[in-house]
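The structure appears right after this line, and notes come after that.
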Ligand code: WT7
């Protein structure tokens, strides 16, 4: 574990523009909630769970920590997530309220009310049941951003079938790996996906994955017709979503499940081994999705919320599928990419749909800054963004200059910018400013949410003083936390509650530092071999094994290099079984390897830079000297002592890019 240790140099917190009547009214109200949670952690969470969720059967137990770290929350309570996200809104009189405004890649807009969404979800849930999918069965969803994708997730929740959404950018091989690991009985997909004017054959990829074997449990493939393009079809197994829906009743009795019933499994990368299926619960997860919509985003009845994530990531689960619907909000969802037809798309959409709360990734902001600098027509000031009142970011650290640009040019100086820190495993926000409440510092995620006991510790698990870097941990369990890794409880325990920290602290996997004066947190980046490329998490080991699987590769090592736009860029060091290529030959091999990784994992994992050498630089005991490779990747002159390196001459071979 490496930590940084530096004096704190944060600028003084800025006062922020006042917002009227926020859910948490001010710093005093924030402190009162923190104190309430400190005084009686369990009573605090029980109160929230009673106020923010509708229970079929009220819980009598709050937290069961007898088998820590396999915590259980509200265990004997019963509820249904789709009921809370749909039926409850109808009962509140929101039937005619727009639930989702969908903007397609080509700009076509489709709206759906809560009433209509409810009926679609019910029909789909009935159709899944009719196809034999029952409580506890797993359904893989490999769908584009669409109303249908969200309906698919909620339909699974309605019948108690945990879903596992796989991002549409993953390859057939990655999809196959997840289908097998989760033991899916059904797949929901689309004929094709449309992004940036291009189509991607999702259904054909599903067929390819299912033909790889080991997926015998999959009896049904439900296909949403997005483009009408030609696709392969297996009559017994495949069914059109619209035909299934048409044949079903538009109401559906929900499956009442215990609060700990798994709502979904979402795969994410770790530092070692295959992707891990992060398992979330129904009650605890949904609670925090709803509460953070109110506390962090201050969602109000008239707000138009837009989170630009994809349903394939946790942000799309919590702040597209579950959070906004649990609180009866109106939200915008978008099929395309921020740069199509041009880099003004986000700003144009905010203007068009009068978005008031906008949540996106630093990587998108950075690329749009570049584009705006080059072309006034796509600069946010060329659009009417006066509907905005709150801005947020997520996924990676945001550099103060991008933060400031976002606040100034998108927020017009009126809107707070919330740098929200959290993870797939945490279910929802962990450390984040509250709008109109927390004085902001660009680049800092500021203070933990009430009830979240975050701290920074050293390698032995002892808290470090403010101003000293260390590793971020969460000391007390919280309801929306990961329950286990699907099929691998030991990996969960060792990975997240490591013995060297005493076994009782949740290890986030990030380094962090707190400001000496304010106690504000700044995340300094991953402490393990996980890269963050454009806000996407990728394990270096995963990319290395993909490269090593290529028939001409003898050995590969992958490191990250700081990148202006993507945050981190992937650099691969490769030793071929044949002689080291040079000139056009090297370029040809590199292109082939890049395409290979795209096939093995998905386009997001393609290395930006590939270097070749005669051998991997290793210590005498055979360990690849990664620290050295990181310096080489950055183009730094090697000033480190290389006397322990077995074969120092190869370093200069790797130093030259193509
Ligand atoms: C990792 C989690 C949470 C949804 C998207 C990513 C990094 C996330 C921040 C932030 C600095 C951040 C961390 C974290 N990260 N948000 N505001 N500031 N770093 O979810 O794929 O599970 O990745 O993203 O490194 O551990 P994820």
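Using the three backbone atoms N, Cα and C, a Cβ is placed for every residue, glycine included.
Keep in mind the model is a prediction, meaning the values are calculated, not measured.
TrEMBL lists 395, 396, 397, 419, 420, 421, 422, 423, 424, 510, 537 as binding ATP, and of 389, 516, 526 the one it places in that same site is 526. Look at the domain 'AMP-binding enzyme C-terminal' (542-623): DSSP puts its residues at 28 helix, 27 strand, 27 coil. In the domain 'Acetyl-coenzyme A synthetase N-terminal' (30-85), the DSSP tally of helix, strand and coil residues is 27 helix, 7 strand, 22 coil.
Its Cβ placed at the centre, residue 526 (ATP binding site) has 18 other Cβ atoms within 10 Å. In this structure, residue 315 (CoA binding site) is part of a helix by DSSP. If you measure from the Cα atom of residue 550 (Mg(2+) binding site) to that of residue 198 (CoA binding site), you get 28 Å. Among the binding-site residues listed (197, 397, 553), 397 have a CB atom closer than 6 Å to some atom of ligand 1, in sequence order.
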